[in-house]
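K.L.:
Annotation comment: TrEMBL describes 54-92, 423-460, 521-579 as region 'Disordered'. According to TrEMBL, the compositional bias 'Basic and acidic residues' annotation covers 54-71, 423-433. Residues or ranges marked as compositional bias 'Polar residues' by TrEMBL: 434-451. Residues or ranges marked as compositional bias 'Low complexity' in TrEMBL: 566-576. Summarising the annotation, TrEMBL assigns domain 'SANT' to 576-631.
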Amino acid sequence: MAVHTKFRLITYSQEIVDGQPIFVSSNCLPTKALKYEPAGHSFHSAALKLRGVQEDKNEAEDKKVADDKEQTYLPSDSYSSKSKKKSGTGDKQQDHYALLGLGHLRYLATEDQIRKSYRETALRFHPDKQAALLLAEETEAAKQAKKDEIESHFKAIQEAYEVLIDPVKRRIYDSTDEFDDEIPTDCAPQDFFKVFGPAFMRNGRWSVNQPIPTLGDDNTPLKDVDNFYNFWYSFKSWREFPHADEFDLEQAESRDHKRWMERQNAKLTEKARKEDYARIRTLVDNAYKRDPRILRRKEEEKAEKQRKKEAKFLAKKLQEEEAARIAEEEKQRKEEEERQAAEAALQHKKVKEKEKKLLRKERARLRTLSGPIVSQRLLDISDDDVEGLCMSLDIEQMRSLCENMEGIKVLLEQASVLRDAMSSKKEVADEKTNQQNANGSIKANGSASRSNVEKKEKPWSKEEIDLLRKGMQKYPKGTSRRWEVISEYIGTGRSVEEIMKATKTVLLQKPDSSKAFDTFLEKRKPGAQSIESPLSTREELEGVSTPASTNNTEDSHSKSTDNENSASTNGVSSSSEQDVWSAVQERALVQALKAFPKETSQRWERVATAVPGKTVNQCKKKFTMMKENFRNKKSAV
């Protein structure tokens, strides 16, 4: 072994200079003398090797890390602060984790790991352990420079330990540590989890809530996916933002200046914090828009919504088709009913036409048989009597009458048969009139002889004339039993002869222009005056209601006196005159009772309003009389 005389130890022997190994006895295991003596961790490792103990994997890694401890880590100074103490030269900031051998863990290093690594690093790089390096320098200046470098490196280790062991200082240092702020913007659908998964894990270091949820994979349940995005949308960061342009509070000239610096630093910090939150929100939005699981759920929801819409549309279409089918069936049913009704009407019309032909035939037969009788004026039978008989009898009665007359050869006997038929017809008409009088339509005034005279001479009221005119239009010529139908339509007990006579006299009269104003008043106030009787005229009503108002002559006075006397002789008070009901009033009462049933509120007031000239009590009384008459008829039948 060659001897290097320029390297001198403090104490040495000839054996060491020759390079020959020597062995000494001591209380420790024999060791081989080398140029450098192991110390600390190296001594412990050498002792284990001599004893045949293999190093653990963790120890090997620690050793590998220890070899790189002298390498310095120079991070970006984008978040450097004036108030932060710096080591080294220039603008480069020392890497505390690299100095302590924790560069592979960095912010993930625990407090115990920091303490352990500091003890090992401090023991290795202590100035007393680095004395051998001074001997390698030839000049005193080089030795002094090397000594200053060793002391500076040891002080940097102590400073790194002080920063990393303090939670507040470590948070500020971790916030200024190098970090990839890049946000993925787009990726292929199959690379979504490879691109966005590391980005979320990288930014999860700033989360206050730990541990952070993972992005998962394509088979992750949707509930976990929603929890993941809910966590990131409500993300809270502990990251500090010391800005390069912040003001150093130690350089403040006064207290107010210091407060102003603090406000400015707070503004810069708040601005940086908002920018960081916006960056995180952009990351979450980009991931949510491109997440295949979210897109798949949206497609399913869209398909479900479309399916519901189609089902609703189909149901509505089926409902419309069903409604159209029902409407078509209803239309066909109505058409069938109309067709059947038209057939029935046509059949009825044919029957009516047949009956009309037979009726005209029998009437012509009766007129032929009555011709000699009328020409000879037997029993004072005139053409009007025969015509009235033709109009009043039906086909069976007329056929029977003609057969009876044909069976008799003597004209006088035929005339008597014809007279009997006329009298029977008259009796039927009288019976019908008496029946109507029994129902209260006509009140008897005076004796029977006077009543007969009034019947013969009773004038036509305006209402009867209007009803007659309407009946003539409603039932034109050719209607079966036309005059009987018109008589029933008028409803005042007018006979066929009276109606036929009125058509030639009353309907042809011109209206009296002198009473035009009175007619106007009647139309203007139809309920002003009450209708006493269907047989009363306007003059009689004036005589009854105001006997002394129109004229003060003796005739009007005597007429009113006679009316009072007739009322007193019959035992009826003057108030009973208000109980006289005309056919129009009776019809109005019946219609009002139908229009306002029992459950109607204020029924009788409405009924009395609908009946002209009658009060509530009179309507109730008339209703009671109509019920009694109906019950009497029913019991008689």
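The backbone N, Cα and C atoms fix where each Cβ goes, glycine too.
Curation plays no part in TrEMBL annotations; they are all automatic predictions.
Could you tell me the structural context for the features on the list?
P.N.:
Long-range contacts of the compositional bias 'Basic and acidic residues' (423-433) within its own chain (CB-CB distance under 8 A, at least 6 residues past either end) are made by residues 388-389, 392-393, 442, 493, 495-496.
Here the domain 'SANT' (576-631) is broken down by DSSP into helix, strand and coil counts: 41 helix, 0 strand, 15 coil.
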K.L.:
On the 0 to 100 pLDDT scale, where does the domain 'SANT' (576-631) sit on average?
P.N.:
84
K.L.:
For the compositional bias 'Basic and acidic residues' (423-433), DSSP counts of helix, strand and coil?
P.N.:
11 helix, 0 strand, 0 coil
